[in-house]
Every structure is written in C-alpha cells, then in structure tokens.
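Okay, structure first, notes after.
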Amino acid sequence: MSDEGGNNGGAGGDDLSGLSGFFFYVFIVHPATAWILRPGRFERKKSILYAIGFLALLAAVKTGMEMQAKGPNHYHLLNVNRNSSPLDIKRAYKKLSLQLHPDKNPNDPNASAKFDRVKKAYDVLMDMEFREVYNKFGQEGINSNKRFDETQFFIQLGVFYVTWGIMAYVLTLGNRSGLARQWTFTGLIVMLVLEITIMTSQGNPFPSWFLPQNTEYEAVWLMHTLFPAFMNGCRSIGGYLYVDLEAQTRQLLVALQEQNKDILLVLRDVQIGVQNIQANGGGGGGGGGGRLATAGAAPVGGMMRATPTGKIRELQDRLHASNSTVQQAVTQLKPEKSNSNFGFYAMILGYVAFSYIFNS
C-alpha cells in the first residue's frame, strides 16, 4: 500500500484491503478460533482466554503490518504533534532538511525521495486548510482536494454501517449466535457514535496526551480495521458460551420417557406375578382371598377397597398418559434447522460487488 493511501477517511473506509481483511477473518481466523474453543480441548476458562489472546495477537500483528506498509504520517515524519504551531513545524522541517538533503547524503540512493516526503509533509502541515483536510481524510483527501461535506459524510456513513450491519446480521443468524449478535451490534453502535463524534468535531477531538502524532483519519481507519476481528471474536466466543435450553429440555423429556417405559415394564411383570399368585390361590387366605382379589374391589364399611391388581392397572394408566404427554412435548421441540448457506454466500458476493462499485 502506498504512503498514506488506502481507504478514504470517515465513512468511506471500504477498500480492497478491507475486503481481504474481511475474508481473512471469516475464512481463516474464525475456523482457527473455533478449533481453540472446541469442547474438551481445553478447560472452559482457558479456552476463552486462549481464544481472546489469539484474536488480539493476530489483530495486533495484522494491523501493525498494515500501518507499517502505509508508512509514517506527516506528524511522525517531521517529529511534531497535532498541536504543534507553525513555528514548531518550521523548525522541525529545517532540522530534517539539513539532515536529509541529497547534497548531504550523496551515497544514499533514496535521499532525494526522503527529502521530497519531508518537503511534502511540511507543505501540508503549514497550510491550515490542508492540515485540517489531512487530519480528517489523510493523504487521499489532499490528493482529491476533498472537503468535509456533512450531507456526503452522512450518506457515506449510512452506506458503510448499513452494509456492515447486514453482514453482521447474516453472519450471526440462528439462536446459537444470539449473544454474538448482541455484542457485535453493540460494538457497531459504539463505533458509529465515536466516528460521528470524531469527524464532526471542530478542531482536535482528542486530548493532547492521547496519540499526539496521530490523526482523526487514522483513528477511524483503526476502528474500521479492527472491527472484523471484533465481530469474528464475538461469533466464536458467543457460540462457545451458548447454552441450548431446548436441546437440554428435549434430552430431559426423552430420558423421562425412557424411564416411564422402564417403569411400565416393571409394573407389567409385577402384575403378571400378582395374577399368577391369585390364580394359584396364594396368600394363605383360601378361596375367599382369591375371589376377593379377582373381583377387583370389595366393600369395606360401605366403601370400595382397591385390590393390588386394580392399583397396578391404575398406575399403568397414569404412566401411559404421562408417556403420551412426554412424547407430544418431544415432538413439539423440533431441533433448530441449520441455516442455508445461500444467504451467506449471497452476502459475500454482494460485499465484493459493493467494494468494487464504491471504490472504483
């Protein structure tokens, strides 16, 4: 990437670098994080810590390489900060121009290019209008003579965040991604508020101690660059922490159904045993005892006393009714169908087309 090239400042921050970063996180980083978070691979707390550490390290390395490829900004190049006065900038330029002048460095083949970059940085920062454009939109804004237009800014902002909102929604479809969707959209809203605050503020929106040599453009670029890592981290960790209550309920109902079946089998064996005893006249009560049992119930004090066989049949009927109820509940709790990949791949193609159209 060329010096200070890349995506436009503010909301127009999508470019081919952002597209490649999106694919990198979706198709490489997300599967790798899912491998770390696979159940049983590590302890629960360690898995989460390892995944967060992996994502943070990868995002830091990738962002650092992109920043290094962009090269130092004008403030770093002249070793001044955002609040430096024109006099401070002039002094810094004179000092560097003496050091980097091609006549002073005849053995350095890049001396002329270095001197030109310093001269270019000096010309931009000494012009207050150019300096404001550079802070908001980077070198790309200087090259295109861009100026802050509120209407255009909010249109670009809407396109950018609606696009990312659709992608985040598609990538977090399903009950399993509910927590990830909540985290992702919270981060998207926070980023939107910060970007509006940064880009619409008059003057320097940052404290003097906060990244004194970086611009508003770079702050917005950094948020846009880190958001894919944040979103895919939310997807991985949110999916890992998800608890499928319907699946657990289904398992409990199936276990209860199996238990009812076992109890019914035991009761059937008991009933057969009782009937055999009754048929053989067991219990030492003679024929009267057998007639009492087979009758099903006998009057005692004007009330009916249930026989063992009658009680067993009553218990069986209740268990059959309970089993039917459990079976109906299990049938109603259908497993969640996996989402079709059609929407995912359509979103990918749409994002590619969007990037080429709006950055051509």
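Every residue, even glycine, has its Cβ placed from backbone N, Cα and C.
According to TrEMBL:
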type	residues	note
DOMAIN	73-138	domain 'J'
TRANSMEM	16-36	transmembrane segment
TRANSMEM	48-65	transmembrane segment
TRANSMEM	153-171	transmembrane segment
TRANSMEM	183-201	transmembrane segment
TRANSMEM	221-243	transmembrane segment
TRANSMEM	342-358	transmembrane segment
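The domain 'J' (73-138) scores a mean pLDDT of 90 in the predicted structure. According to DSSP, the domain 'J' (73-138) comprises 47 helix, 0 strand, 19 coil.
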